[in-house]
């Protein structure tokens with residue numbers, strides 16, 4: 001568990017996904033056995049850590065299962081009960097097997113697994129890739145096969161593997177050591193008759209540094225090994241000092257940097273939902289849920305379930321938002337626009353609908369008109385039906401939708417696209433994921449990276465052929481000529497200079513120069529491995545090279 005890592009961006013964010021084509025070859029989907037069917041949509045359920053930390057016992061989990069089965073959470077899709085750290089004895093048994101703490105779990109974990117399964121839940125557990133867990137209990141290093149078999153024999157089908165107490169062995173960097181250990185676990189799980197869902201915490205141990213290269217590198221391999229990855233800081237625990245809202249926003253910002261990795265079978269994990277945290281307002285709790293749902297992020301509640309209010313149960317079981325979260329396309333909502341106050345995000349859904357999510361980060365109520373063109377809807381004379389996913393009310397819109405949001409509130413609309421108006425061009429910010437600066441089009445055909453300001457000049461369309469053009473000047477296209485990057489007429493004969501590809505490393509590569517877009521003075525340079533100035537976020541819907 002990583003706590004206290006500083007927020008890496010106050011303004012930046014990023015992501016991508018799949019639907020149009022910015023490249024020729026789609027990126028292969030992996031799971032812990034190279035099968036996205038193992039976890040095609042993000043997990044939903046309960047974990048004790050953020051609410052109770054090491055104060056866990058058998059009664060907590062039986063009471064949680066009983067309540068979730070009765071209050072609608074299980075039936076809404078929250079079907080996993082997961083233990084976190086501190087469940088085990090301080091010593092392994094004589095044969096090296098892990099043992100549960102018999103005081104905390106007098107009936108044993110196999111008994112508890114049967115109990116929660118009888119209530120309609122899956123059962124998950126926590127371990128660590130080091131020699132000790134974060135809480136000082138036995139880690140799985142050099143016991144991987146034995147522990148995997150133990151967990152399976154207990155009826156467990158989900159493993160959260162933390163990364164405390166991992167040290168580089170001779171001849172390896174720390175990143176290489178983590179890759180070896182998590183890769184070995186992947187091999188162990190792949191050989192099992194019924195592989196466990198594999199939640200990897202490795203990226204969290206590389207987040208929040210001055211140089212993101214190792215963090216990006218770890219993010220490159222976690223989708224190959226498992227189904228979800230805890231990528232950054234821990235969400236603030238119930239008893240922790242500091243602002244719970246700031247903690248949510250910190251993890252939200254981290255998640256926006258990583259959308260290019262997510263697809264069916266692998267999900268970015270910005271950590272638990274904390275709906276009973278006393279430091280959150282009602283709007284902040286609802287925003288936390290709505291943003292995670294829009295991301296198609298794991299919805300794992302860490303709260304005292306029996307004491308949740310009716311209002312908290314109501315938003316946690318919102319069918320329309322859960323349907324977005326569980327949408328089989330598994331796109332992450334990405335930034336269409338951003339300024340100091342509003343984040344506007346969008347994504348596509350499997351049936352062709354378009355999602356609009358708007359977050360008010362400011363401290364006062366905000367009213368704003370949002371053009372449908374910012375959402376990737378470019379056809380004229382169209383009327384769309386927009387459903388408010390909080391209350392189910394619908395409205396007809398044509399060129400814009402009007403939003404009024406209280407401080408720290410989030411609006412979510414699902415737009416139905418009528419026949420003849422159903423084409424979508426991936427649209428949104430192109431921004432550097434280290435600095436958070438947005439690519440900005442100027443009227444003199446120049447481009448620059450500037451602080452994100454919500455202007456149309458920072459919103460870009462990405463066409464199926466790999467052409468990138470600003471919404472403010474749709475007849476102009478981003479082009480490279482030698483080291484120079486500029487806007488030029490889209491009908492230029494220099495077609496290769498206007499074609500870009502986007503690999504999973506986050507580079508924007510130009511077909512003519514074979515170089516990479518580089519922040520700074522905005523120029524083309526040789527492509528370097530996961531260099532901060534060359535890693536960018538693009539709109540959802542752009543397919544990876």
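Using N, Cα and C of the backbone, Cβ positions are placed for all residues, glycine too.
According to Swiss-Prot, the features are:
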type     : residues : note
ACT_SITE : 162      : active site, nucleophile
DISULFID : 54-86    : disulfide bond
DISULFID : 134-164  : disulfide bond
DISULFID : 438-452  : disulfide bond
DISULFID : 477-490  : disulfide bond
DOMAIN   : 421-518  : domain 'Ricin B-type lectin'
CARBOHYD : 57       : N-linked glycosylation site
CARBOHYD : 95       : N-linked glycosylation site
CARBOHYD : 101      : N-linked glycosylation site
CARBOHYD : 131      : N-linked glycosylation site
CARBOHYD : 211      : N-linked glycosylation site
CARBOHYD : 363      : N-linked glycosylation site
CARBOHYD : 444      : N-linked glycosylation site
SIGNAL   : 1-31     : signal peptide
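Positions of the features from Swiss-Prot, shown on the structure.
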| residue | record | Cβ within 10 Å |
| --- | --- | --- |
| 54 | disulfide bond | 15 |
| 57 | N-linked glycosylation site | 16 |
| 95 | N-linked glycosylation site | 6 |
| 162 | active site, nucleophile | 27 |
| 164 | disulfide bond | 19 |
| 211 | N-linked glycosylation site | 12 |
| 363 | N-linked glycosylation site | 9 |
| 452 | disulfide bond | 24 |
| 477 | disulfide bond | 25 |
| 490 | disulfide bond | 17 |
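The Cβ of 86 has fewer other Cβ atoms within 10 Å than any other of the disulfide-bonded residues 86, 134, 438.
For residue 444 (N-linked glycosylation site), no same-chain residue 6+ apart in sequence has a C-beta under 8 angstroms from its C-beta.
For residue 54 (disulfide bond), none of the recorded positions have C-alpha atoms inside a 10 Å radius of its own C-alpha, out of 95, 101, 164, 363, 477, 490. When the recorded positions 57, 164, 438, 452 are compared by Cα distance to residue 363 (N-linked glycosylation site), the shortest distance belongs to 452.
Over the domain 'Ricin B-type lectin' (421-518), the average per-residue pLDDT in this prediction is 95.
Residue 211 (N-linked glycosylation site) sits 19 Å from residue 438 (disulfide bond), taking the CA atoms of both as reference points. Residues of the domain 'Ricin B-type lectin' (421-518) grouped by DSSP class, helix first, strand second and coil last, total 9 helix, 37 strand, 52 coil. Residue density at residue 101 (N-linked glycosylation site): 17 other Cβ atoms are found within 10 A of its Cβ, drawing on all protein chains shown. Residue 86 (disulfide bond) sits 12 Å from residue 162 (active site, nucleophile), taking the CA atoms of both as reference points.
Taking the C-alpha positions, the distance from residue 438 (disulfide bond) to residue 477 (disulfide bond) comes to 16 Å. Using the residue listed as 'active site, nucleophile' as the reference Cα, a 10 A cut-off selects 134 from the recorded positions 95, 101, 131, 134.
Around residue 131 (N-linked glycosylation site), a 10 Å sphere centred on its CB holds 15 further CB atoms from the protein chains shown.
Using a 10 Å Cα-Cα cut-off from residue 57 (N-linked glycosylation site), the recorded positions that qualify among 101, 131, 164, 452, 477 are 101. Distance from the CA of residue 131 (N-linked glycosylation site) to the CA of residue 164 (disulfide bond) is 8 Å.
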